[in-house]
């Protein structure tokens, strides 16, 4: 991949870092040699650029990995550097292992018109076809079969089938081939149908009509025929067919409005801009005259990042370069709104568009149940191998007697006598493997897949998850993790928009330490002092107006098109549009005090002041907000020519950049508002001298034009500009708590879950919210690990170490190591909560400790595990993911769940075992990247306590039942070998072997796993303690596994020996006929089918007509099939050994009694256990004791108690 130099290119030592893999190479590995535009490989297999006297003119040096020496280098030119019209070098791109050619830059010719006769550009880009399908008509069969046989069980049965075909085995290849064929066919049909739907959707997109400008004419084409560089015309309410750079629009200022609901769920209009040099090109004729080249980054999936520049060529002047950013890029899938038409040039097409890249490579999560299935398979495979080995050994022990080895009625052939004994033992071992192979349940995978797929619909259909406000319900993005919802140990939640509404309302503001609260046109007379101030009267009138102007100017709010106003706004509700609800609240707050933002016209921001005068400010630059800086600024020019910078941001981001003597006036107000749970922002300004502005403008322009490290360079420039400011005041905005957030968190705590809040907000605000939502209670002892507590000492690390040791001792004293259940101990001991901020977390994770000191991270985790709740404030998105990863890797691998609503929550949602997105007001990025999405945080309660509980119980029972019924099936076959001289004689007929798992016993367990409610849903939600009974994969641990295994062993033994003792009677019929071995096997099989089916009926607590139909219907089908199979000669069988066996068997009363008796004896332990449980439950029940109902705290007055 292309890499950039780590430091400025100079003589002497140099380091170069690969952008793809991060490996650093030193100067001796990349020593330059003479030559122009050539390259060679060094000993590490890296591309070495060789150049000579012009090296000082080269701004950047690149190298790429091309794999080990000898691997060819792709000769496609992707970067050309010119200096005074002379070619200095061209760079070719190789590939790091497994990576695609996406890092670097690409050059796009607008309209595919050449801009220079001397330069050549790569015009080989992918077409605009979207391919979301996995298969084609030609590769479906081999590719699908390859994927299916990667599963252990499928591959195992394939081997067994091949052994049956090639080796003389006791059973027909049909017995294993037919079930395998059924499983493979069902799965292939399902996957093929899903892929056919994807093909159909792709064709709808690829064959849609678009308009392309060619030779100054509008040409209609199919979307898939768009090429990179084509100029495309898009009209109102149409979706963009590819990623376009906006060249011009139907508006005079070159702006257009788009909605990106299909990409990130945001339904509000976003404004995009054309560069000023192409605004006037509004017709097909004029746009065709444009000669320009766009240099931009290679395709990457981030929807909100784009780096490029456009070089516009004219006949008389040199090329004009303009920077391009996300505001110039129109994404495929977005829709044009409130704009007649736009012209744009295609820069990314087809599978290289950001939309296509965002739907690729999502990591697959696996549940704990799947891991248990694999463990059980290994155990049963071991049982199978043991059975085959025992039978093979005993066979040759039996045959050590010559009479048993070659009886008079079964003489060996000459070929058999000459066969090597070792080879015979091996084939016998394989034969026994084939005979007992049904102990491995191949159909279980299909049943589990169907259960997960069909079961996921119950979440989508749940009316309690429907939200009338957004007119949507819950959505399941992956059905593979349904049961994981019942195994969660840790819940990580965002605060804003998740615990709170993200519906902002302006409450009050502070100007120079004076509080302003209320609604009026004038601010005079509404001031009162707040905190320690030097004077009592209100703030200066000029400062008040300056503050309100800052609120009207320092934002990215837009006014919806066609709604611009010129004045008289008292009774007009302006339709403000912004990606941040905070900004709209601040602009509306300024309007309450008489200053109204009227929108932007021709680059001028228009404000109506208290005197109803229109003020215009030229918008020179916007320094956009980002989560690292935590502030944003604008630079504007007043009508008198003064240049002002207005800045707003978090107090921690603004206070260090203003005059120290100004901070105290505002700090008390900010801290009090934070304690009240309000979101606070500080507002500052500074005047910029014309000379300083020239320098700032030049720096900003250079940073915006950079193709490499543009964001880092712009961040450095922003950092230099936003210094030495003057603090004006602060704002307080309320974000209301979501409905039932407190009850939900209380229920999660009662269920034994640990809830952590990870937020970017300041500590005081987040702490207040945590009290309000009952994460912390008044009795909770809070332990703080913040910079405020650490900065008391000169050595921060020493103070941090002291606090960690102190807290650990405190918690270990409260929770001794021999406490059996920490979850139960919470209710018996003092509850503890931990508060930590991002800076302290960085100190813990990145501390430079000597080998003698304790590991900070280990101690920190020990403290966290003993706390019932943890609040992490001032967290960056990456830190949220680090926290989740840290907890995931704890001893015991606890199951983690993350829930959030914004783009900053995506990293932790993807990192956790289960990710849940809230369909909130910050867009749908979280919902798109989640495993499940719900409208509100309160829905998490039922999702986990009810759906998660039931899904886990159902699938755990399904898995255990499958292994149980297959062990019941095969154990009599194993015991039978002791009575047939280990001759590999099958006990059951081939038809029964084949259909046992497919037809006779499959539907009842599928219905059970979809419909069972062993406890009513209302009870599960009202008593969260029931959730603790299943956590830790309780139903698939060694104890339950051994119970099911011994139960199967007992029943299998009863089936065989019960029938065996029945056959001790020489004659079972009145006419003196004696039953044969097929009758014996059929009796055993009949008892088997009825017992395992009735066992499931005993386990069923929630009966529906579907359960009755499949349970009794399966038994009826078995009886019908047995009559049918025994009464008709099938043409494809060489012998009909089962002819009339079943009918003849049932003609004996003794057989009837034996079957009923054996079924009862086999189920008797289960029946006895159920009776004892019911007796104990009735005797222990206290009629006065009701299930504990959760309290509602929102109606309680006087605080949180």
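Each Cβ is built from the backbone N, Cα and C atoms, and glycine gets one as well.
Automated prediction, rather than curation, is the source of TrEMBL annotations.
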TrEMBL record, transmembrane segment, of the ranges 351-374, 375-398, 399-422, 471-494 the matching one is 375-398
Quick check on the annotations: TrEMBL lists transmembrane segment for one of 309-328, 329-348, 429-448. Which range is it? 429-448
TrEMBL feature transmembrane segment, matched against 970-990, 991-1011, 1012-1032, maps to 991-1011
Using DSSP, break the domain 'P-type ATPase A' (206-353) down into helix, strand and coil residues and give each count. 19 helix, 70 strand, 59 coil
Can you count helix, strand and coil residues in the domain 'P-type ATPase N-terminal' (121-176) using DSSP? 27 helix, 0 strand, 29 coil
Surrounding residues of the transmembrane segment (991-1011) on its own chain - C-beta under 8 Å, 6+ positions past either end: 171, 174-175, 178-179, 182, 438, 441-443, 447, 450-451, 454-455, 458, 954-955, 957-958, 961-962, 965-966, 969, 1081-1082, 1085, 1089, 1092-1093, 1096-1097, 1099-1100, 1102, 1104, 1106-1107, 1110-1111, 1113-1114, 1117-1118, 1121, 1125, 1138
In the same chain, who gets a Cβ under 8 Å from the transmembrane segment (429-448) while lying at least 6 residues past its ends? 151, 153-154, 156-157, 160, 163-164, 167-171, 175-176, 179-180, 182-183, 186-187, 373, 377, 380-381, 383-385, 387-389, 391-392, 955, 958-959, 962-963, 965-967, 969-970, 973-974, 977, 984, 986, 993, 996-998, 1002, 1005-1006, 1009
Which sequence positions outside the transmembrane segment (1041-1063), separated from its termini by at least 6 residues, show Cβ-Cβ distances below 8 Å to it? 376, 379, 960-961, 963-965, 967-972, 975-976, 979, 1075, 1080, 1083-1084, 1087-1088, 1091-1092, 1150-1151, 1154, 1157-1158, 1161-1162, 1165-1166
Once the chains shown are all counted, how many other Cβ atoms turn up within 10 Å of the Cβ of residue 494 (active site, 4-aspartylphosphate intermediate)? 30
